[in-house]
Amino acid sequence: MGFSKDNLTGFILALLSSGFIGASFIIKKKGLRRAAAASGVRAGMGGHAYLLEPLWWFGMITMIVGEVANFVAYAFAPAVLVTPLGALSIIVSAVLAHFILKEKLHKLGILGCVMCIAGSVIIVIHAPQERSISSIQEIVNMATQPAFLLYVGSVMVLVFILIFYFAPQYGHTNVLIFTGICSLMGSLSVMSVKALGTALKLTFEGRNQLIYLETWFFMFVVATCVITQMNYLNKALDTFNTAIVSPIYYVLFTTLTIVASIIMFKDWDGQSAGSIISEICGFIVVLSGTILLHVTKDFERSSSFRGNAGNYTPLSPTLSTRLCSGNGESLKHDVEEGPSSEEVSSRRQDLYT
């Protein structure tokens, strides 16, 4: 299947978006640290001192620029093409973290970067063409399909349960809570962004869609979802290690977004079984590369900790331990502060009792 002009435009915008968003993760992380040091209250514990931190705002502006590029990309290309390319932002983040946050990039991490790029190429080659849409009413008809309404209802129920039941009890010990909220809301925001972007594209082409109430409704949904995403993403980044948050957020967000897009926009309709299988394989390669990249970053951090702590092992050295019961950020602070051997021994005893 040929690569259309619209798909090429969306592809280029997605690449630019990945660059800006990848950099924003590092900048915002530095801003959150600086704000926490100045106020003594971290964002994960309800603090909002980062709103007065210029570095955090610079990171936020960088992210907004990336999100705008991403927003426009969805108006030109299907979500099945645009969303997986977000893995490239993780590569940018990993490289910058190597130099700015002093997080060493392991050789296997480099392999993970290569896998992300290779998987992205496979997805780009086999991506479906953007579906032609002539009015906002067409999108409304897609959004009111029984299958998509069922998906939206399921997402809202899960989000409410996570926010009001699980977050207060487990939000600061299980990384899946905050990232799950971000990802679920993110899948809805992408669908609304694509709807709104398409409406604006049609308006600029001379077919005004701003006169329809549905266009403004999608704009409201976008604003609501994005605000919720940013709030819980800040909590996740401040509470847990970047090496834990980034891959989990990417995997959940991308998977849910692709599922939502397939249901609403029927991206795979008209594609051959071979193309669909190739896209799935490419996506799996990207996911594998993403996980490998961040697990090896976590391994390097754990190895550094062992070097500083003598013969003792770190409290939560593995990804699986952190997913189930550990706070990745706690280990990072331990490394930075250089705990005594007595503290490490005490924490190990607490872990196994």
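Including glycine, each Cβ sits where the backbone N, Cα and C put it.
Automatic prediction, not curation, is the source of TrEMBL annotations.
Residues or ranges marked as transmembrane segment by TrEMBL: 6-27 (among others).
Long-range contacts of the transmembrane segment (55-76) within the same chain, counting only residues at least 6 positions beyond its ends with a Cβ under 8 Å from a Cβ of the stretch, are 6-7, 9-11, 13-14, 16-32, 34-35, 82, 86, 89, 130, 190, 193-194, 196-198, 200-201, 226. Taken from TrEMBL, the feature transmembrane segment covers 55-76 (among others).
Under the heading transmembrane segment, TrEMBL lists 82-101 (among others).
Tertiary proximity for the transmembrane segment (108-128) is limited to same-chain residues at least six positions away from its ends with a CB under 8 Å from its CB atoms, namely 1, 3, 7, 11, 77-78, 80-81, 84-85, 87-88, 90-91, 94, 267-268, 270-271, 275, 278-279, 281-294, 296-297, 300. What TrEMBL lists as transmembrane segment is 108-128 (among others).
According to TrEMBL, the transmembrane segment annotation covers 148-168 (among others). Residues 142, 174, 177-178, 180-181, 184-185, 187-188, 228, 256, 259-260, 263-264 of the same chain sit 6 or more residues outside the transmembrane segment (148-168) yet have a Cβ under 8 Å from a Cβ within it.
Beyond the ends of the transmembrane segment (175-196), by six or more residues, the same chain brings 70-71, 74-75, 79, 83, 136, 139, 143, 152, 155, 158-159, 162-163, 166-167, 215, 218-219, 221-222, 225-226, 228-229, 232-233, 235-236, 239-240, 244-245, 248-249, 252-253, 256-257, 259-261, 264-265, 322-323, 328 to within a C-beta distance below 8 angstroms of the stretch. Feature annotation from TrEMBL assigns transmembrane segment to 175-196 (among others).
Residues or ranges marked as transmembrane segment by TrEMBL: 216-233 (among others). Listed as Cβ neighbours of the transmembrane segment (216-233) (distance under 8 Å, sequence separation of 6 or more from its ends, same chain) are residues 67, 136, 139, 159, 178-179, 181-182, 185-186, 188-189, 192-193, 195-196, 199, 210, 245, 249.
If you look up TrEMBL, you'll see 240-264 (among others) marked as transmembrane segment.
The feature transmembrane segment is assigned by TrEMBL to 276-296 (among others). Here the transmembrane segment (276-296) has Cβ contacts under 8 Å with residues 80, 84, 87, 90-91, 94, 106-109, 111-123, 125-127, 243-244, 246-247, 250-251, 254, 258, 268, 319 of the same chain, all six or more residues outside its ends.
Residues or ranges marked as region 'Disordered' in TrEMBL: 330-353.
Taken from TrEMBL, the feature compositional bias 'Basic and acidic residues' covers 344-353.
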Give residue numbers and ranges for long-range contacts of the transmembrane segment (82-101): same chain, 6 or more residues beyond its ends, CB-CB under 8 A.
10-11, 14-15, 17-19, 21-23, 25-26, 29-30, 66, 70, 73-74, 109, 113, 116-117, 119-120, 123-124, 190, 242, 246-247, 250, 253-254, 257-258, 261, 282-283, 286, 289-290, 293-294, 297
